[in-house]
Amino acid sequence: MKSAILSLTLGATAALAAPSVLKKRAACDAPVNITQSENPFEGRTLHANSKYRAEVEAAAANLTDSSLASAAAAVADVGTFLWLDTISTIETFEGYLQEADCSEIFGVVIYDLPGRDCAAKASNGELAVGELDRYKSEYIDPIAAIIAANPNIAIAAIIEPDSLPNLVTNIDLTTCQDSASGYRDGVAYALEQLNFPNVAAYIDAGHGGWLGWNDNLKPGAEELAAVYKAAGSPAIVHGVSSNVAGWNAWSKNPGEFENDPDGQYNTSQDEERYTQYFGDALEAAGLPNHFIVDTSRNGVQGLREEWGDWCNVKGAGFGVRPTSDTGSDRADAFVWVKPGGESDGTSDSSAVRYDSFCGKEDAFKPSPEAGTWHQAFFEDLIKNANPAF
Ligand code: GLC
């Protein structure tokens, strides 16, 4: 990651003779002020950060099939979120952030809670349960300082994927019980500290196949709303993110799992219906109820054996490109949150972070560790993209 930025800087310096290369992409000339009632994605394009660009360009260079290679190159121009998934990634944040110009919004994922990924193994994080102080001082505080120093750049922040949803449905697990107070206090702290006028925050809400079950709507909305209120109901919160690193369709009728025997217990059979039913529950619980929905890998449906299958789903394709043109008042934007081509988890059953979901029949094998580049999966995402590249 660091080297990507470095080579970019060197490239620009070496090209002194070519003013067009040097043209600095400018932040806004005044501080950005996103009001809570506005859609921050309207009139702004999701920034295509150079971390993902470097990954994709390296992947494209490995492709001998020229049509696949040129399609791959086009992926580099698609906006994605930058995941700050360890303390060490923070030192790259400001460089990437400052690439964004005034017509753009920079997407960042806050993802380093103590005891992370309490109901699974593949994305267990670096901070142990009990290390909330480190989360605050070594993770959130430095991120907040960088944002404070860059008030002229619009930022969309997704707060801690899967964390609060796990407390709603997986609290029978000791690991999630142990993580619970750190998750609640950590998310509240993040919301308080990142409460800047140029930030729009979305608390992660899983997906329709998770908190969308009829019995989960109210407790789910109340769990999220309680943390929002504990943070002092900060104005940065616009609502929630859904389908992050997920596979659900935005709109599909009947939904992929609607005709299952238990389909009757879940009215949120696609993400659009999730914005409706969970959105209503959020409103009742007192949390802003706008959504951003990850469409990075949902181009192909009908691939999963079970709704909860989440690991490198075989046959997946890139989905709808980021846009604020969602046709829905509830959905501020379709966004690419999961950088398509980064793995969800290793299929190596001897690895410490091996999760059995990554060994299921519908999971692509072999697959590398979560977050690392998965060339074969990336190629399939392009081949199966819908819309096509
Ligand atoms: C997974 C990984 C994380 C990575 C993210 C995006 O959650 O655990 O490290 O940043 O996916 O690929």
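Glycine residues also receive a Cβ, built from the backbone N, Cα and C atoms like all the rest.
Automated prediction, rather than curation, is the source of TrEMBL annotations.
Among the features that TrEMBL reports, signal peptide is placed at 1-17. Residues or ranges marked as substrate binding site in TrEMBL: W83, D85, H207, W210, W310, K338, E342. Per TrEMBL, active site is recorded for D117. According to TrEMBL, the feature active site, proton donor maps to D162. The feature active site, proton acceptor is assigned by TrEMBL to D344.
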E342 (substrate binding site) and D162 (active site, proton donor), compared by Cα position, are separated in whole Å by 18
Using a Cβ cut-off under 8 Å and a sequence separation of 6 or more, which residues in the same chain sit near W83 (substrate binding site)? T89, V108, V109, Y111, P339, G371
Of D85, D117, W210, W310, E342, which recorded positions come close to ligand 1, meaning Cβ under 6 Å from one of its atoms? D85, E342
Per DSSP, three-state class assigned to E342 (substrate binding site): strand
Pick out which of the binding-site residues H207, K338 has the most other Cβ atoms within 10 Å of its own Cβ. H207
Checking your reading of the structure: which of the recorded positions D117, W310, K338 lie inside a 10 Å Cα sphere centred on D344 (active site, proton acceptor)? W310, K338
If you measure every Cα to Cα distance among W83, D85, H207, W210, W310, K338, E342, the residues said to bind substrate, what is the biggest one in Å? 23
Cβ density check for W210 (substrate binding site), other Cβ within 10 Å (all protein chains) comes to 27
